[in-house]
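Read through the structure below, which is laid out as structure tokens, and then see the notes.
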């Protein structure tokens, strides 16, 4: 009800004010609408999958995924982590893909389950391999426990984005001119949107695990934290700080309202507009 009231306020403000965001009440209404309503479908996004909830929910999942656990525990933590990020990706992706709604939903669910399972297996595979062949040397421990988790989490985060949003570049997404008029459906715009989102997600989670691992190496050598409990606390603080700092960087790597050159689009779209640049919703 609050979201609907703010949307009504924005509609009325737009009719009466030359600047729709010129007072605090309208600013707050705009921010609430922006963070809780999908820009393509106008549907209200569930609370847990709205952008403001991404940091507090993903943080403990990232920390759990980075802990030196056994293979089964690591698989479970990674499965939960990728389940949440995949749900976030689906609910905040581009919503203009044209297909039979029933078949599209079935395909996305099937793709999501497969991508989550595969990503969790890849995350736990180094531990399974190490235990299977009883590789317990210090070098193996360094590689499996400290070096591999960051690139694997980053790559698998990008992989899940690409898989679950694949209908966008298979069927195309809507592109618009500067006035918001829909010009047509473009597979190339869909591919660009998915690539940019996947890259931003890989940078976000890859950096979130990589930087703390590097910093913890120097902390351990300098013996700033002498007890295991103190080391764990410092490590959690570092992961929290890096994730909080990288989240706005990741979101701002590419604009949510993406741009694509007219020359890069399909011939049928080229013939329907004279605009040099067209726009689309990249998603988050």
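Positions of Cβ are set from backbone N, Cα and C atoms, glycine also.
TrEMBL annotations: computationally assigned, not manually curated.
Cross-referencing 109-130, 175-196, 263-284 with TrEMBL places the feature transmembrane segment at 109-130. Here the transmembrane segment (142-164) has Cβ contacts under 8 Å with residues 62, 65-66, 68, 78, 82, 85-86, 89-90, 93, 108, 111-112, 114-116, 118-119, 122-123, 126-127, 130, 194-195, 197-199, 201-210, 213, 217 of the same chain, all six or more residues outside its ends.
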